[in-house]
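Asker: Can you keep this structure in mind? I'll have questions shortly.
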Amino acid sequence: MKILVPIKRVIDYNVKVRVRRDGGGVETAGVKMSMNPFDEIAVEEALRLREKGIASEVLVVSIGVPQAADTLRTALAMGADRAILVQSEESPEPLAVAKILKILVERETPDLVILGKQAIDDDMNATGQMLAGLLDWPQATFASRVEKTGDSLTVSREVDGGSETLSLTLPAIVTADLRLNEPRYASLPNIMKAKKKPLETLSAADLGIDLTRRLTTLSIAEPPTRKAGIKVGSVAELVEKLRNEAKVI
Amino acid sequence: MTALVLLDAEDGTIPQTSRSAIAAATRLGDVDVLVTGGPETIESAAAAAAKIPGIRKVRTVSGEDFAHALAEPLAALLVALAPEYDHIVAAATTIGKSALPRAAALLDVQIIPDVMEIKDAETFVRPIFAGNALVTLRSSDAKKLLTIRTASFDPVPAEGGTAPIETVTPPPCRSKAHFVSAEHSSTERPQLEAARIIVSGGRGLQSAEGFKILEPLADKLGAAIGASRVAVDSGFVPNDYQVGQTGKIVAPDLYIACGISGAIQHLAGMKDSKVIVAINKDEDAPIFQVADYGLVGDLFQIVPALTEALG
């Protein structure tokens, strides 16, 4: 079984994101970039399936600026076998990403695509579902457990009321949630080895996909900030404030 | 303009989150609602939906394919109904977030998730970067598919209307995803998204046993119980308790954060609460920067004392 894992380069999750003064975007100059944390979980799950002997190859794909090659190298250092970078000037919308991935899926014929449930920059939570729709493949979003049973995949998902288990006929799409696994760190020898692993570069334009954005950004603003209130000295004072000042109990 | 709202109705009732999605859709024009479910639940769900005021009609689809709200048949159904509508809307619940992007791709439309504000029929505000920025965007797609951040829209009432009910025949769908089982957390308490008061716990509760200290307080206040990611990851409570960027987004009248430090990802899920109370032994915890009332101290003494003081 071959697994394709799409990954995205995003502002590191530890960075406090600031809106640019001109309102045209967020500050990215000199800001640390990393692999989207949910995509790291997806890479880890693919590697575990390979280590269990269920998968034979793990292919990672990223779509974006040339520096996304660094993110792919990170995935190769974690243990992925091969990488493809599809270069584009900026980060395309999920619909365009799904169309590019569809072409790569048709070319590479994986049995499974695992990706993060959302990217922590645009928080769209859409690419996996959109790719599943375009391919007419079954999908399991928000996965917390993945097991192969015969020709199908048994996936537990985190849903609003608790958890749910689905059985998907392969090929299929799975989107990774937080508790699917704890991703490994790449060791120094593996980082060195990753430099020699194959990384193919394509351009989005060559694939013939129209990247024109459907959503035009009119403005980006910081949300209204909440002011710190007061510290109370006792439980009695807290109850008094909640009853008589805030009037919420 | 006419909007179709997909309701989360598979258990035979219409949740508050779906009524918030209807409230958002009424700003776009006439509203039809789509109720789906298995044969056992569809009639009660349709009857509940018909009582919601301000709806043009209730459209129902029933069948085994729809008993568990799987994304594949729902997306195929939305695509079949799409020619009649300008907007297709759902609450940003796990069902809406799974089915609508899939339908959008099939319609060659870019989904607009987590809408917090509707400026006009094609202009919307949504959060990015865990709510650290809000983007106003305009869609050039002929049809718009949206999921709604339910904490941002007051729900329409559950009663008062008499909308007509119409049965729809679904398109054929040979789904390659099959429902196996579900484990729903059973609770007598209000749902997190619908609760007026939430008592929430974090790392400071120390264990599943420790977490139980919140129950008498929640009982006394008629509150829902929430949790931070750490509390869920540590196994104190099930995953559906999680409040935050990747959990539930809530905006109750009163949010009592006990032993929660206040990571950005948690604040993203609760900072729109009307009144926030923080109880934490670390007086420098970031949660105090958003709390209206902070109390520094040992929660294992404060929480029982607060429960007691509420009489």
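Every residue, even glycine, has its Cβ placed from backbone N, Cα and C.
All TrEMBL annotations are machine predictions without curation.
As listed in TrEMBL for this protein:
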DOMAIN    B:3-183  domain 'Electron transfer flavoprotein alpha/beta-subunit N-terminal'
BINDING   B:Arg203, B:228-229, B:242-246, B:259-266, B:Asn280  FAD binding site
Asker: Which of B:Gln242, B:Gln245 (the binding-site residues) has the most other Cβ atoms within 10 Å?
Answerer: B:Gln242
Asker: Any same-chain residues 6+ apart from B:Ala263 (FAD binding site) with CB under 8 Å of its CB? Would you list them in sequence order, or say none?
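Answerer: Set apart from B:Ala263 (FAD binding site) by at least 6 residues yet with Cβ under 8 Å, we have B:Ser228, B:Arg229, B:Gly244, B:Pro286.
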Asker: So which one is it: of the binding-site residues B:Arg203, B:His266, which has the fewest other Cβ atoms within 10 Å?
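Answerer: Each of the binding-site residues B:Arg203, B:His266 was scored by Cβ atoms within 10 Å; lowest is B:Arg203.
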Asker: When you measure from the Cβ of B:Ile260 (FAD binding site), how many other Cβ atoms are you left with inside 10 Å?
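Answerer: Excluding its own Cβ, B:Ile260 (FAD binding site) sees 32 Cβ atoms within 10 Å.
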Asker: If H, G and I count as helix, E and B as strand, and all else as coil, what does DSSP give for B:Gln245 (FAD binding site)?
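Answerer: For B:Gln245 (FAD binding site) - judged by DSSP and reduced to three states - the answer is coil.
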